[in-house]
């Protein structure tokens, strides 16, 4: 199985600042020009919401302050500027092969 390691486990960011979340895969999730890494946001009592697919593509309806980058084994989610509604837990997930796996999550809090 591909193991996804997220860092940090939690972070506190002031309104208007940048939040950066990293995800490292135990082996490459990129092939044939695509990186099969995705980012989700989850708030308490709600299902995960897809933010970014294929490493850098913004899901429809997601604000442009969310962006994703990376390839191979190293990926990043950036949120800038952070808004109050962004307080949530963020997960990376790969779809390179079965089983699909998720990172352990990063909890974003506002200062």
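A Cβ is built for glycine as well, from the same backbone N, Cα and C atoms used for every other residue.
Feature list (source: Swiss-Prot):
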{"type": "DISULFID", "residues": "23-92", "note": "disulfide bond"}
{"type": "REGION", "residues": "1-23", "note": "region 'Framework-1'"}
{"type": "REGION", "residues": "24-38", "note": "region 'Complementarity-determining-1'"}
{"type": "REGION", "residues": "39-53", "note": "region 'Framework-2'"}
{"type": "REGION", "residues": "54-60", "note": "region 'Complementarity-determining-2'"}
{"type": "REGION", "residues": "61-92", "note": "region 'Framework-3'"}
{"type": "REGION", "residues": "93-101", "note": "region 'Complementarity-determining-3'"}
{"type": "REGION", "residues": "102-111", "note": "region 'Framework-4'"}
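Between the region 'Complementarity-determining-1' (24-38) and the region 'Complementarity-determining-3' (93-101) there are 3 or more Cβ pairs closer than 8 Å, counting only residues 6 or more apart in sequence, so the two stretches are in contact. Most Cβ pairs under 8 A with the region 'Framework-3' (61-92) among the ranges 1-23, 39-53, 102-111 are made by 1-23.
For the region 'Complementarity-determining-1' (24-38), the number of residues in each DSSP class (helix H, G, I; strand E, B; coil) is 0 helix, 8 strand, 7 coil. Neighbours of residue 92 (disulfide bond), defined as other CB atoms within 10 A of its CB across all chains, total 30.
Its Cβ placed at the centre, residue 23 (disulfide bond) has 28 other Cβ atoms within 10 Å. Note on the region 'Complementarity-determining-3' (93-101): residues 1-4, 25, 28-31, 36-40 of its chain, located 6 or more positions outside it, place their CB under 8 angstroms from a CB of the stretch. Note on the region 'Complementarity-determining-2' (54-60): residues 30, 34-38, 66-71, 75 of its chain, located 6 or more positions outside it, place their CB under 8 angstroms from a CB of the stretch. DSSP places the residues of the region 'Complementarity-determining-3' (93-101) in helix, strand and coil in these numbers: 0 helix, 3 strand, 6 coil. Across the region 'Framework-4' (102-111), DSSP assigns 0 helix, 6 strand, 4 coil.
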